[in-house]
Every structure is written in structure tokens, then in C-alpha cells.
Amino acid sequence: MSQSVESRTRIKSERYESGVIPYAKMGYWDADYVIKETDILALFRITPQPGVDPIEASAAIAGESSTATWTVVWTDLLTACDLYRAKAYRVDPVPNVADQYFAYIAYDIDLFEEGSIANLTASIIGNVFGFKAVKALRLEDMRMPVAYLKTFQGPATGLIVERERMDKFGRPFLGATVKPKLGLSGKNYGRVVYEGLKGGLDFLKDDENINSQPFMRWRERFLYSMEGVNKASASAGEIKGHYLNVTAATMEDMYERAEFSKEVGSIICMIDLVIGYTAIQSMAIWARKHDMILHLHRAGNSTYSRQKNHGMNFRVICKWMRMAGVDHIHAGTVVGKLEGDPLMIKGFYNTLLESDTDINLPQGLFFAQNWASLRKVVPVASGGIHAGQMHQLLDYLGDDVVLQFGGGTIGHPDGIQAGATANRVALESMVMARNEGRNYVAEGPQILRDAAKTCGPLQTALDLWKDISFNYTSTDTADFVETPTANI
């Protein structure tokens, strides 16, 4: 609804008296606001500048991420400005942290273009993050209404269809990243792909920064990689794949590479998060049209997701990427070399895999979310994992995940094929023990030792990496609620 005559007169009068009205008084703060089912909700962690009231800071965030500027403008009176103003409706101190606050903000759905991550982010994480009134600002979580989600296609393939295409059920997918990630010739690269797949992996993959460099151009990589895929598939009698990274400088180049990946028989292609939201959505539309699985590497996310008080939590990226339409996204390992609190990672996985999620503060989920039947995204666990951790990986991450052992395959002393076999035997022995009703978490090391009695490559892997772990205190453990999370 538009403003009343009295309200317009008051605002106009105050503007001419001072030129500036506090954001809270301009209508961007409403403690009595009744949330609509169609509202988009955002939770920000704000650190106001000294002397700035947290309610005023929250109202400023609401204003600057929707319709406001630094002063009242008379053209507000030409719009339904009451409707279009975002409303900060709740501010809570962050427990056990001084001078930080959680600000809950509601946005009317009409503020955003349908089906556009770029337009959504231009408001939610736009200029507001440089606002001087706050020392730091972090987007912790969002709730997307069903009406808005229905304007997005969601994952191009999704978990269920991918399992059917791969004919893999009842266990995680197994993969590995080609190492070294840069410098191999095309022929040697294809040999790595072949050896890994022949040894028992389901997937090999390009890494995030292999595109089309002087030592190996993209077309050469695609041809040799698919030669390895086809030979290994024929040898093993299983469907296998290799994530061909089609990331490039322009969309024209990316489409050309994606089309060629399909022509040479690939079932999956890959992009990097750094290409941007519009390019990601464009590639997701292409992948659905061409029946291709679309893998997303989250390269670049830690530049804004690791800091506790500024940037954006990775769970928000998970939500946006499910909307955008990717089929895979790297989402953490818990036990590997990369950042990841166990409960936070569980929250990421639930965001990608569940049809409905409830509020769960230890997992960092501040809002309940109905996913409006969007397909499930397969989380990918990679970075510093090896066969000796298989019981932990299965316990923390479950079946619906791609476990990628890069160094844990290619670093095996007996060769790549032996490394792949070690991982396949470790996984299948653990899944079998679980299905038999054994306490595979407590008995995990013994289960692996028993399996290694008849699998030399697994024994070698266990001997080599038995003491390898990455026990660092996580930077992303919840500080706003007590959790049982240990440093694992």
C-alpha cells in the first residue's frame, strides 16, 4: 500500500528540516512486522561502528539493500514505498560475542527478478557490504519462499537421475582429481584418467585451474581423457566418467567446450564458481537441455566465507547453487585438509540434499526451508582424504556424496590403479560391514585391516597414511549456540 497523506507530509517536512532521517524512522525497522509466506528472509551478522545503535544499523542494512539512499528522496512518493522497503524486524545480540548482532530482514518478493541469482545478489550482497555505519557484515542464512523457488529450474540432473545413469546405488560415488593439476601433457593426463577408473573409481576430474594452457590445450585434454574413460569402462563393465572443465574466458568459449565434451561422449562437464552467477545459470540450462551432469567446483568461495564476522556463509552459496541448477558442488569433508566444522558441514549437506529443512542452530540453519521439489545436489568431499578415513567419511557424510581421493589415489606408492583399488575396497568393505549391522564407526580400523589382508594396495595405503590427519581448530564452528563439536 502507498503511504497515507499524513505520513507523506511528515516525511516531507522532516526532510526539508534536516535532509536526513534515521533509517529506522524511514520505515526500515518494524518490530511488529508480520512475515509473509512470499517474503525472502535474510539473516545478517552485523558489527556496528562504535556509537551506532544496532537497531539503526539493522534498519540501514535493510534500507541500503532495498530502496534507500543516504537521504530521503521525493520520488519515494511516486512508488508503493511501504511495500518495497525491506523490513528489519528482529535484532539479537550474538551470544558470547561483544558488539555483534543478528539482524533479521524481510524483503518483498517483488523486489527481485524471477529466476535471477544475479539480481538477488545485487541487492543482498551489493553496496551494503561497504556501508560505513558497520565495521563488518556477514550474510549468515536466507529463506527462499516457494513462490520464488518455482522461478528457478534447480539441478539439471539431480541425485536420483545421476544414480540411475551411473547405475550406482547404496554407496557413495568414488572419484579422484588428476594430479599434478597443472603441467601434464594430454597423453599423460589421459593415462591418469584410465588408471584411476580401471582401478575402481567412478569418476576422475579436472581440477579448478586446468582450462587451456600452453602445456595442454582443452581439446587435447578432452580427447585423451575420454579415450581413458572409454577404455576403462569397457574393461570394468561399469559406467564411468570424467569431469571435463569447460571454464573459459567467455560464454562462447564455454559453450564450444561443453558441446565438444558431449560430442566425444562425456556424461558430465564441470565449471568453476568464479565464472559468476549468470554464467553458472546459463551452463545449468545448457546441461539440462543436453542431458549432462553439471559439476561445480567452489573455487574462490573461501575469499568471503571463512571470516566469522564479514562476508557470507557457504550455506548461502549452497542455496543459491541449488537454485541455479548445478548437480555437484564441493561442500567439505570434515576430516580432510580444508576448513570444515562437522556440524556446519552437515548443515551444508542437508541444504543440498533435503526436501525440507528445519531450524537447526548447531548446523547454522536459522530458517526452515521448503525446497519446492527442486532436485537434490550431490555434495562432493575432496581435499586431504584417504582410505584409512573411510569409516569416518561414511559416518559423517552418508551415501549421497562423491568421495574424491586425489592425492589419496595418485600418491599411492604402487601407482594410480593401486590407489584407486585401495579406495574401492575400503569403501565396499565399510558399506558391507554397515549393511551387516556392525558398528562400523567403532570397528572401522579393524574392518580396514581385515580387508587389507586380501588387498595389498589397501594395506600399503593404510601403512603409508596411517598417521596423516589435519587436526586444526575450525574457524566456522557455531559461536552462537553450544555444540558438541570436537576438533576432529
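Placed from the backbone N, Cα and C atoms, the Cβ positions cover glycine too.
Per Swiss-Prot, active site, proton acceptor is recorded for LYS179 (among others), and the stated evidence type is sequence analysis. Taking all protein chains in view, 15 other C-beta atoms sit within 10 angstroms of the C-beta of LYS179 (active site, proton acceptor).
The active site, proton acceptor annotation in Swiss-Prot covers HIS297 (among others). Secondary structure at HIS297 (active site, proton acceptor), taken from DSSP and collapsed to helix, strand or coil, is strand. Close to HIS297 (active site, proton acceptor) in the fold, though at least 6 residues off in sequence, lie ASP207, GLU208, ASN245, MET270, ILE271, ASP272, LEU273, HIS330, each with a CB less than 8 Å from its CB.
In sequence order, LEU204, LYS205, ASP206, ASP207, SER382, GLN404, GLY406 make up the list of same-chain residues 6 or more apart from THR177 (substrate binding site) whose Cβ falls under 8 Å from its Cβ. Under the heading substrate binding site, Swiss-Prot lists ASN127, THR177, LYS181, ARG298, HIS330, SER382.
In the structure as shown, the Cβ atom of LYS205 (Mg(2+) binding site) sits within 10 Å of 29 other Cβ atoms. Look at Swiss-Prot and you will find LYS205, ASP207, GLU208 tagged as Mg(2+) binding site, backed by sequence analysis.
DSSP classifies LYS205 (Mg(2+) binding site) as strand under the three-state reduction. If you look up Swiss-Prot, you'll see LYS205 marked as N6-carboxylysine.
The site 'Transition state stabilizer' annotation in Swiss-Prot covers LYS337 and rests on sequence analysis.
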**Asked** What is the number of other Cβ atoms found within 10 Å of the Cβ of ARG298 (substrate binding site)?
**Response** 21
**Item:** Which same-chain residues, if any, lie at least 6 apart from LYS181 (substrate binding site) yet have Cβ under 8 Å of it
**Value:** ASP207, GLU208, ASN209, ILE210
**Prompt:** Whose Cβ, among the binding-site residues ASN127, ASP207, SER382, has more other Cβ atoms within 10 Å than any of the rest?
**Reply:** SER382
**Fill in**
One should report the C-alpha separation between ARG298 (substrate binding site) and LYS179 (active site, proton acceptor), rounded to whole angstrom, as 18
